[in-house]
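K.L.:
Sharing a structure with you now.
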């Protein structure tokens, strides 16, 4: 019998982490964080990282596992999460995936651990070539070695172009051929049960996003970004500094935009992120939707999980 794994997901600012902490009062849960921002040390406020107190209530994994100058791919997450799931089950506990990085969730459901981890030397070589001929030319090269992937990547999407060429360089195989193995892993998908916290209307979520970001500013987000900016070993090209809020405030410290503009752009970027997350979620027809605005949200999530776990 396949062990079912619950995933609490949803767009940003819907209270996923808070609900997961409450669920730990009912089951022996260990949380596997599915968030591409909370992995970074020293980035606490802008990532809405669970507090030390909340982390003391139940074990939480994949938080503070990288320095901001390091990378962490969906394949890395898939590898780490699969190991953790086995370890947690072996301990007699219940693994629960919590977060909103949908690319990570896809990698886990389709078992994309087949993709190689990042190679610093190869990435530097690709960047050096880009500095000489430009990313648009590298996109043309990608079209020659993997037209399927190239057709899905914009010519100015540096990070994804680099990753696709990197994978081809390491494996000698197009990234698309590795991703197509997902068709052989369809049975893997049924193992993961998606509980999605979603707003009844867009305006509700936008209000929550604005409130949360303003709270981050009050709690010291600007100072947090400044401490990263002053390190001098970080730059705007890094995935960590591209995180919403950090990118815009970084531009303020670079004197490219005003502080008010940085705040406004951060909120707009967060809304765009939420829209992308909702688009992905709506395509997941098997998900169980929970109204995140309900004052009975915890009870509704509990009922949803119990119903799923009791299915034959």
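Glycine is no exception: its Cβ is also placed from the backbone N, Cα and C atoms.
A quick note: this is a predicted structure, and the numbers were derived from the prediction, not measured.
Taken from TrEMBL, the feature ATP binding site covers 10, 11, 12, 13, 14, 15, 16, 17. Annotation comment: TrEMBL describes 12, 13, 14, 15, 16, 17 as substrate binding site. Feature annotation from TrEMBL assigns region 'Interaction with substrate tRNA' to 35-38, 159-163. Summarising the annotation, TrEMBL assigns site 'Interaction with substrate tRNA' to 101, 123.
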K.L.:
With residue 123 (site 'Interaction with substrate tRNA') as the reference Cα, tell me which of the binding-site residues 12, 14, 17 is the closest one.
P.N.:
12
K.L.:
For the recorded positions listed here, 12, 14, 17, 101, which shows the highest count of neighbouring CB atoms within 10 A?
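P.N.:
Selected residue: 14.
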K.L.:
Identify, among the recorded positions 16, 123, the residue whose Cβ has the fewest other Cβ atoms within 10 Å in this structure.
P.N.:
123
K.L.:
Give the distance between the Cα atoms of residue 10 (ATP binding site) and residue 101 (site 'Interaction with substrate tRNA'), rounded to the nearest whole Å.
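P.N.:
Here the two Cα atoms are 9 Å apart.
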K.L.:
Tell me which residues of the chain lie with their Cβ under 8 angstroms from that of residue 15 (ATP binding site), as long as they are six or more apart in sequence?
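P.N.:
Set apart from residue 15 (ATP binding site) by at least 6 residues yet with Cβ under 8 Å, we have 197, 292, 297.
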K.L.:
Reduced to three states, what secondary structure does DSSP give residue 15 (ATP binding site)?
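P.N.:
Note: residue 15 (ATP binding site) is coil by DSSP, not helix or strand.
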K.L.:
If you skip the near sequence neighbours and keep only those at least six away, which residues in the chain come within under 8 angstroms of residue 13 (ATP binding site), Cβ to Cβ?
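P.N.:
Residues satisfying the criterion: 205, 208, 209, 212, 270, 274.
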